[in-house]
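Student: Below you'll find the structure I mean.
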Amino acid sequence: MLASVNSCSLPRDRSMTDRFQLVSPYSPAGDQPAAIDKLVANFEAGLAKQTLLGVTGSGKTYTIANVVQQVQKPTLVMAPNKTLAAQLYGEFKSFFPHNAVEYFVSYYDYYQPEAYVPSSDTFIEKDSSINEHIEQMRLSATKTLLSRRDSLVVATVSAIYGLGAPEDYLSLRLILSIGEHIDQRQLIRHLTDLQYTRNEFELTRGAFRVRGEVLDVFPAESDTEALRIELFDGDIEQLTLFDPLTGETLRKLQRYTVYPKTHYATTRERTLSAVDTIKEELKERLEQLYSQNKLVEAQRLAQRTQFDLEMMAEVGFCNGIENYSRHLTGKAPGEPPPTLFDYLPPDALLVIDESHVTIPQIGAMYKGDRSRKETLVEFGFRLPSALDNRPLRFEEWEARSPRSIYVSATPGPYELRESAGEVTELVVRPTGLIDPVVEIRPVGTQVDDLMSEIHERIKLGDRVLVTTLTKRMAENLTEYLGEHGIRVRYLHSDIDTVERVEIIRDLRLGKFDVLVGINLLREGLDMPEVSLVAILDADKEGFLRSTGSLIQTIGRAARNLRGKAILYADKMTRSMQAAIDESDRRREKQVEYNLEHGITPESVERPISDIMEGAREDAAEKKSGKGRSKSRQVAEETPDYRAMKPAEIAGKLKSLEQKMYQHAKDLEFEAAAQIRDQIQKLKTASLA
């Protein structure tokens, strides 16, 4: 019953291919064929690090997809934020529809870490809101990495934070085969060891029910399929996957593996062993505190830790159990925690997207976490072992990283140094588009000049991005443009990820024409409708006006045939000069290629879809943190029901009705009423 920890023995889903199959109507063009060949050759030659310098709109994601198909290795793609991760996830899913493309980001919609402020003697308890849909996708990602070779996981910096040890995760899994003799009580006990809960009334994710000799299990990593185990006289007679909502049989299986409900599941023996080592550490720490005459801290630590120990001994769990992860994983003091990188096979491929942002992020995570926890330990809120519940240090991440490709339009000094000159360029776009024309205009008349440019673009049906230096200036400019009849929105840091995506989508749909922001309009987001980027106060040297920032911001207009960037400045800074020189170099190469091959540039046409689809869940379905409304909606969806086919409408109606009844059952009547109104709109549209 207990499986060995050799991942090679894991069952594979025989209905799926084990090889990457790229599906795309396009063929590599422009600089792409040479870039793909070079990246693949370097990877197969064993080169540890290389860089792909790709301008905006050059098809970096498509190039990487071709590399993945040719090298045929499990792949981890890291992005700097959830928005870009969701966009990449959608793109890779469309490129590899027959393979296992997964999404691994933080499952917290809201997270307030445990903290202590000595100056005011204030202790802040941990509070969080967990997105169950993303939790399910994280579990699916680790299962895929352990069981399939055709796995591609898109992740954020969450990948360097602690997970349960893969050895425990593997040793606990339950492998079932038809004909196997198994005691029903033993089977139920094993499911509870995996932290599944028994629920005879409703089969929910991470639960099971028993009806005679039939057990139904809803795997924690699945959102659409549940497993039915039919026993006869102690033998497994049949294994069936079925729809947990309708009960419809999907397919019969010869073999199935049930994985733990959480990454932090561990054996009873390991938990009891951890309790003993925690007691030893507590004794040593109390002696230190008493010797320093810190009586209040000692009493506080003893009380909090004893309560946690009692909970762990009785139920195998306690709030904040992650602070004891070093004891639960059997690691030595100072050893790095297990992370997603421990689930990767040694021959995997790592792709760091927007590496000039992601690499510094990885380096910064450890220090911020350490500072907060040192205060908790010093004042007796946590044992010193809590310091080992942490993200990887940068050098630890480097040691665990497999062969890597850094992807960026503006690679940083680290990537260039690590690549040792192996930089592959993607400068020529398949569409023939050339980099935007860059103009410099005086600051004194920047607002009036900008308004006239905006009116010109609106006449053409295009969109405009404006980037300012301060929040106050962005607010004032938005108000001023609005007073002059321009449809404008302001994108600021208080807007959460999902609503940001909705705002950018509304810009592309033409619900407004101008988007004003500060530092939120740089990397990665595809907006082909944008033909003008205006950078105010471009001559104020600093982080927001560095060479890399300017190149990235100018690149937002690179997907449009009429693309233009205006830098408002009274003097030429070094950053401006470097950005303009690089832009001119790229334009020269692009124009030369187009003339040589007789290519006429054309704007990118990209369907306007919800890039968070599949990587989001209605806010009302999320677990709520203390004092946080469960039914808060971050952005209301406005689908075009008229464009839907009758079969799609029927499916949508069924889905909405299920959600409405669930909200009513949970006494969330406002959310239920909103969905009822959506159902009415959909029925009206279908009859029209």
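Residue numbers in this text run from 1 along the chain shown.
Even glycines carry a Cβ here, placed using N, Cα and C.
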Student: If I go by Swiss-Prot, the feature motif 'Beta-hairpin' sits on one of 59-82, 107-130, 227-250, 443-466. Which?
Tutor: 107-130
Student: Summarise the domain 'UVR' (650-685) by DSSP state, stating how many residues are helix, strand and coil.
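Tutor: Residue counts in helix, strand and coil order: 33 helix, 0 strand, 3 coil.
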Student: Which residues, sitting 6 or more apart from Thr56 (ATP binding site) on the same chain, put a CB under 8 Å from its CB?
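Tutor: Within the chain, Thr56 (ATP binding site) has Cβ neighbours under 8 Å at Ala409, Gln552, Gly555, Arg556, Ala558, Arg559.
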Student: 10 Å Cβ neighbour count around Gly54 (ATP binding site)?
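Tutor: Gly54 (ATP binding site) is surrounded by 24 other Cβ atoms within 10 Å.
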Student: Just give the helix, strand and coil counts over the motif 'Beta-hairpin' (107-130), going by DSSP.
Tutor: 3 helix, 15 strand, 6 coil
